[in-house]
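For reference, the structure is listed below as structure tokens.
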Amino acid sequence: MEGPLSVFGERTTGESIRSQNVMAAASIANIVKSSLGPVGLDKMLVDDIGDVTITNDGATILKLLEVEHPAAKVLCELADLQDKEVGDGTTSVVIIAAELLKNADELVKQKIHPTSIIGGYRLACKEAVRYINENLIINTDELGKDCLINAAKTSMSSKIIGIDGDFFANMVVDAVLAVKYTDVKGQPRYPVNSINVLKAHGRSQKESMLINGYALNCVVASQGMPKRIVNAKIACLDFSLQKTKMKLGVQVVITDPEKLDQIRKREADITKERIQKILATGANVILTTGGIDDMCLKYFVESMTIAVRRVLKRDLKRIAKASGATILSTLASLEGEESFEASMLGQAEEVVQERICDDELILIKNTKARTSASIILRGANDFMCDEMERSLHDALCVVKRVLESKSVVPGGGAVEAALSIYLENYATSMGSREQLAIAEFARSLLIIPNTLAVNAAQDSTDLVAKLRAFHNEAQVNPERKNLKWIGLDLVNGKPRDNRQTGVFEPTMVKVKSLKFATEAAITILRIDDLIKLHPESKDDKRGGTYEDAVHSGAIED
């Protein structure tokens with residue numbers, strides 16, 4: 001007999017669900033743990049259709065995993081959020097969140113209420129962020145461009161392009177500085193999305209290059225067109241310039257065969273008139289996302305205009321933004337009249353088709369509204385080029401964040417070790433139950449230097465103990481304050497001054513990863529009940545016929 005409330009599913013409550021959630025989070029963290037740090041290893045992921053991805057990027061690994069457990073999904077989304085918000089630190093944010101959960105579960109087993117733990121974690125996170133901002137940040141104005149290059153090198157050190165760190169770091173910094181513009185509030189902005197990254201497999205990765213201007217992976221639509229135009233006026237069209245045909249279903253009854261020729265002529269004339277309206281404004285470069293008819297190409301060749309077809313929508317948007325053009329999906333106004341004005345054109349100093357590496361590319365140089373830059377990556381194969389692109393994206397985001405926040409923190413586990421010592425001392429000053437949670441938060445942060453050392457095949461216990469001793473000395477003894485920059489040297493297996501060595505990370509990466517990891521851990525920690533509904537069975541009659549409903553007594557006849 002069913003109770004007054006029957007749930008069509010499984011219900012898991014209390015300690016059991018909390019343990020399940022912690023195990024799910026720990027298993028996700030274990031997948032990405034070995035890819036952390038400059039000597040982290042790569043993962044090979046093969047999807048259901050056999051596509052192979054080789055990567056070291058935490059967000060990419062977790063995006064490609066098909067995770068079923070709801071708590072594990074929270075961590076996968078967490079890595080994605082960190083990637084979108086900051087661009088780097090995706091692996092460490094997942095590892096910290098899982099460790100916070102694991103330690104919280106231990107406290108719950110000791111009969112500490114989850115609410116007390118949540119309060120302690122929130123307090124510890126707030127205190128940690130305050131400590132970073134007051135004691136650990138280094139102003140980039142003191143260090144200049146070298147600081148940006150070092151931050152980019154630190155980001156790349158764990159990636160495939162880390163071997164040529166100096167070469168790529170300079171390229172990344174130059175690319176980000178090239179797209180700088182000032183917004184309406186007078187603040188400098190660095191839109192990383194406007195840097196076009198093209199991949200061409202072949203040659204070595206050292207033969208990658210930075211181009212000042214927007215590189216378009218297309219060629220001119222006809223051989224008769226000019227390959228170079230100075231003082232370009234660019235029209236960006238989101239429709240095809242092909243002979244207009246009547247829509248399907250339109251029937252025209254013709255009594256005179258000559259009328260058929262007139263209809264065909266009119267179809268051709270509609271497109272011809274559109275082209276004439278565009279060319280009349282002085283446009284000499286036409287970019288369209290659709291196709292261009294051979295008949296239409298003739299008009300462009302005659303007027304010595306460059307026309308490019310099948311341009312990607314993404315590229316068209318970026319070019320329009322850089323050149324000041326307006327993207328048009330139709331020439332018709334609300335009244336139905338077709339027109340094209342000169343104000344809709346974008347401007348650039350030069351548009352030229354060049355052979356770069358082994359491919360023909362169209363370069364749009366010195367655009368009027370904003371500057372643009374393109375990076376062409378070379379690599380042994382497609383897997384390598386894809387991973388280089390992901391590594392480059394992380395480095396570009398890091399440089400952008402350093403320029404915007406104007407501050408960096410030392411890398412190599414220095415921040416986590418300093419926070420661990422500080423929060424342990426802070427916990428002892430608390431007279432409430434939150435003391436235990438803050439102490440566990442401090443212990444959880446040590447997972448980062450620990451994992452870095454393990455991945456580098458070093459003695460993690462010994463290294464982390466030495467690191468903590470240095471940071472304790474820095475906080476206790478004001479005369480030895482400079483020891484707070486001490487982090488790990490993973491190649492030689494000893495602590496070193498990471499400020500002098502130039503191992504830097506953007507402050508935002510550390511602050512955001514702490515905040516995101518704490519919030520994710522709290523979200524999962526608050527769960528004490530899981531109700532998983534059964535999928536509706538096929539022989540379920542609830543969606544049956546009228547006769548079935550009458551027969552079951554659900555409705556009266």
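Heads up, the Cβ atoms here are built off N, Cα and C, so glycines get one too.
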Listed alongside G89, T90, T91 for ATP in Swiss-Prot, from G37, G50, G120, G144, is G37
List the same-chain residues at least 6 positions away in sequence whose Cβ sits under 8 Å from the Cβ of G89 (ATP binding site), in sequence order, or say none.
Q82, E505, V509, K510, K512, S513
At the Cα level, what's the spacing in Å between G37 (ATP binding site) and Y181 (phosphotyrosine), rounded?
33
Note the Cβ centroid of G37, G89, T90, T91, the recorded ATP site, then list each other residue of that chain whose Cβ lies within 8 Å of it, in sequence.
V32, S35, L36, G58, D88, S92, V93, V94, I95, S158
